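Novice: Dumping what Swiss-Prot says about this protein:
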ACT_SITE  Ser172  active site
ACT_SITE  His198  active site
ACT_SITE  Asp295  active site
DOMAIN    10-127  domain 'Response regulatory'
DOMAIN    160-353  domain 'CheB-type methylesterase'
MOD_RES   Asp61  4-aspartylphosphate
Amino acid sequence: MSAGTGRRIRVVVVDDSALVRSLLTAIVNEAPDMEVVATASDPIIAREKIRETSPDVVTLDVEMPRMDGLEFLRRLMRLRPTPVLMISSLTDAGSETTLAALELGAVDFIHKPADDIARHMQEYAEEIREKLRVTAEARLRQPNRFRQPPPARKTGPGAPLRKNALVFVGASTGGTEAIKDFLMGMPADGPPILIVQHMPEHFTFTFAERLNKLCPMRVKEAEDGEAALAGVAYIAPGHSHMRVAPAGGGGFRIALDQEEPVNRHRPAVDPLFDSAARHLGKNAIGVILTGMGKDGAEGLLRMRHAGAVTFGQDEASCVVYGMPREAFRIGAVAHVLPLNRLAEKVVECLQSQAERAIT
């Protein structure tokens, strides 16, 4: 049931494939707390169905006849803001379009393969239902609210940054835009930033490329064994856990592995934060952003116990206040801040630590 109303979550399914509409309808209607109230084969029909049924969440395919899915999403968010779960193909083009949809206001996405869609969707039926529940309760991002990062900061001679620190970031639902806003506020010459965003394999490379075009720092998908360098933000690949490990000369390197999922995710945030606590202690800064579930909370607590400064995104600016809530609940978060102030405070922390080191 919808947490706010106690009634079933009302879903409208929009997809040009009759098979996908049928599969999603069956998956939704198998759950006692949700129901499909309408389906549509294209955005023109969907517009009328949404107006008639006032759904809690819409599933939306990107590639549809009569109107591009992104254009429909753009209009929907402007005229009748509604939580949207995107349906995306696992291709480079699909990942680029999905990231554009998240930027336009979609809450999350599920991916469908090119072959054997029926078996794949049945295997992930419970994950689809869980994403629908989270999407229905998500806080929609408002235009120009919590979205305007501070201007890119250049550190001058009077504001040195601590050089031996590393910054670690974890996020899930809503995280693609939150990470972008955070990195937009970090200076080009900042310390290495290691980031885990729950995302499939084909999407993380595209995500890193997209951020690299927008942010002051260089942003790239992480590679196993490479040095963690200042001025670079590293995105964990969608198929691997990412950890930090000591390297020669007092530096650090990135270690990737394909061990079992943690908290149902690979990459997961906890392995990254655990490695930061183990190898960096007080030389680490941890940041936990919007996302459902508990991944990262225990690792952030271990970072704090090891001496790291820890930050959590506040409830008001989160799309889904799950991971930061759990981290705050167990005492892992030292500083709670809105998204548009997190980068500023992390930079201030790095500057104050540098000043203390000098004196």
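Any Cβ shown, glycine's included, is placed from N, Cα and C.
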Novice: Let's see if you can do this one: DSSP helix, strand and coil counts over the domain 'Response regulatory' (10-127), in that order.
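Specialist: Output for the domain 'Response regulatory' (10-127) reads 57 helix, 28 strand, 33 coil.
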Novice: Which state, by DSSP, holds His198 (active site): helix, strand or coil?
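Specialist: For His198 (active site) - judged by DSSP and reduced to three states - the answer is coil.
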Novice: Using a Cβ cut-off under 8 Å and a sequence separation of 6 or more, which residues in the same chain sit near His198 (active site)?
Specialist: Ala171, Ser172, Thr173, Gly175, His265, Pro267, Ala268, Gly291, Asp295
Novice: Which one is it: of the recorded positions Asp61, Asp295, which Cβ has the fewest other Cβ atoms within 10 Å in this structure?
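Specialist: Each of the recorded positions Asp61, Asp295 was scored by Cβ atoms within 10 Å; lowest is Asp61.
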Novice: Secondary structure at Asp295 (active site) (DSSP, helix/strand/coil)?
Specialist: coil
Novice: How many other Cβ atoms sit within 10 Å of the Cβ of Ser172 (active site)?
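Specialist: Summing over all protein chains shown, Ser172 (active site) has 29 other Cβ atoms within 10 Å.
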